[in-house]
Amino acid sequence: METAASDTAGSGRDVAVKGEAAIKPEFLTTKEKFHGFVDSEWQGSKGEQASDNGTVEETKEACVEEPEAKKLKLDPEERTKGWKQDGKRLRGQNKSRPHTKPTTYDEKRLCLSVIQANRECPFGDKCHFYHDVAEYMSSKPADIGESCYLYDTFGKCAYGLSCRFAKAHTTPDFKTMENTDLVKACEGKNPVKNSLSKDLQNCLRKRSVSFKKSAEYLKTLSNNRDNKQQQGNGEACVAKVSADPTGAEQRVATEGETQSSPDKPPPVKTVGPLTDADVIKLRQCEKKQVDFRDKLYLAPLTTCGNLPFRRVCKRFGADITCGEMAMCTNLLQGQQSEWALLKRHESEDLFGVQVEGCFPDTMTRCAELINNNTDVDFVDINSGCPIDLVYKKGGGCGLMTRTRKFEQIVKGMNYVLDVPLTVKIRTGVQEKSNIAHKLIPEMKNWGVSMITLHGRSREQRYTKLADWDYITTCSKLASPVPLFGNGDILSYEDAMKARETGVSGIMIARGALIKPWIFTEIKESRHWDISSSERLDILRDFTNFGLEHWGSDTRGVEKTRTFMLEWLSFMCRYIPVGLLERVPQKINERPPYYMGRNYLESLMASQNVGDWVRISEMLLGPVPKNFNFLPKHKANAYK
């Protein structure tokens, strides 16, 4: 058990495969031997784990086998063998993933009126939930553990009897206990900010929220558009009159029409002539100043970049954190699920939100809404999102090719915000046609406070390495505006090389998902040979943060599990430093099949989703009978 690799010494491959990480030969093994070892050890330790958790339910196994290892490029005839009949290849993002409702794993819940001190149920006999505590407790799934993180941290658990750790704070007669001292210590404290209030949600749904600043800016846009149209008509008339000298009086009248009336007041009070810059641009002294330079920036990561994960990264030294990409239209409609992406934990001392949109009116209103109702340090525009759903509507990468709209969006958001506005872009849309270097000088004039450049195009996605030479060129063009580089950072050596290019800071995305302790490695300039037990402790912290964020009832537990499995689909790519023949590991190198230095290290190296579920069961108990999980990419699935 302690030296799992010793049994397979000499059975590995002596020749390294192209595209795979170089691992010491004594740890290499084959796919069959790897899964044979993991499965046999798990079956042997299953009884022990079940007794530790106080459960006797058997652990499920994956019914879908792990796919074959990624192959090198083949000839066209060989390449089409694995394709479907319609000629489309089974690969890429799984866009038709089944959506599992939160209530799926909790068939009949305890009524909220019973959980909250037995108050009277407002629905009476029509209520669909349990009111008989004894009946509910008889059908409730077994508790997961002996101690409740919420009770130990805050002195009480808001989920009461429905908590999956209820035995820690429940008396034999089903009464919920409280730790008075802890409750008093936490009284008045709210560790999470930017929640959507019911009043604001109702106002947004009724479209009764006032957007005064946005209206001012959009009015200037329409006035400018009208003036340009009139000027165009006037020039056409002048050209016509020059051909016909008898129309002099008509020409004078037309030119007079294009002049604005002297009695008409300007849109804002000014001294001297009014210009567009006076109307649109806020003075820098009115904006909050943020020092972005020389900081480590955790990228806004869809799905995986949730609040519990950001808390984990903050512990390891991330300086800047940002919420997941939020759609501006959904925020304006008051959608609870979209507003949840703006939530900020008290540990996030430098926090921003990222919004996506493609029209000046909605983006400007959304910026004003965020400015007036949330506590953020900056707002980021996502103009680098490559997915079709966003790009085809003109958002994400699409903004890079719609510079006029892009300019109107940036200037409008700058006009209504009291915090800095940042932009995240890619090198371009097409692989061999970079356009970022043309946009960056213009964005400086628009008033952007920081630019983040991902060194790949939309077309390229994650094929090939990020172009850091191009990032170097762009960072010089951006000066004095800070420019952060992003792409392929997985070790402190990668970070040091990136800093040598002259960028103001580094954004880390996949590297943080694979190894969240990368921030510590960069700050301490070392390779951390982290043990499997330490990595399990990181997952345990994530579990506790998830239960605090999503809840400790069945719904919260399974939501935490789902997000943990999404994260494990990246974390399994990490190869321990002590096993590598060449340090450091590169982000584009696939891990071959290898045995870890103990069973847990081997289990964490598995790319089979069934083994990820086993890891989640160590922390969150057995999965429900109807549990299924399909990762974002068509690698494998669990049913």
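Cβ atoms here come from the backbone N, Cα and C positions, even for glycine.
What you see is a predicted model, and the numbers here were worked out from it, not measured in a lab.
Annotated region 'Disordered' per TrEMBL: 1-24 (among others), in sequence order.
Positions annotated as compositional bias 'Basic and acidic residues' by TrEMBL: 15-24 (among others).
What TrEMBL lists as region 'Disordered' is 38-103 (among others).
Marked as compositional bias 'Polar residues' by TrEMBL: 42-56 (among others).
Residues annotated as compositional bias 'Basic and acidic residues' in TrEMBL: 57-89 (among others).
Sequence annotations record features per position, and here TrEMBL assigns compositional bias 'Basic residues' to 90-100.
The annotation zinc finger is assigned in TrEMBL to 105-134 (among others). With helix defined as DSSP H, G or I and strand as E or B, the zinc finger (105-134) counts 9 helix, 2 strand, 19 coil.
The domain 'C3H1-type' annotation in TrEMBL covers 105-134 (among others). Taken together, the residues in the domain 'C3H1-type' (105-134) have a mean pLDDT of 79 on the 0 to 100 scale.
Tertiary proximity for the zinc finger (147-172) is limited to same-chain residues at least six positions away from its ends with a CB under 8 Å from its CB atoms, namely 109-110, 114-116, 133, 136-137, 140-141, 178-186, 544, 547-548, 551-554, 556-557, 621. TrEMBL lists 147-172 (among others) with the feature zinc finger.
Taken from TrEMBL, the feature domain 'C3H1-type' applies to 147-172 (among others).
Positions annotated as compositional bias 'Polar residues' by TrEMBL: 221-233 (among others).
What TrEMBL lists as region 'Disordered' is 221-240 (among others).
Residues or ranges marked as region 'Disordered' by TrEMBL: 248-273 (among others).
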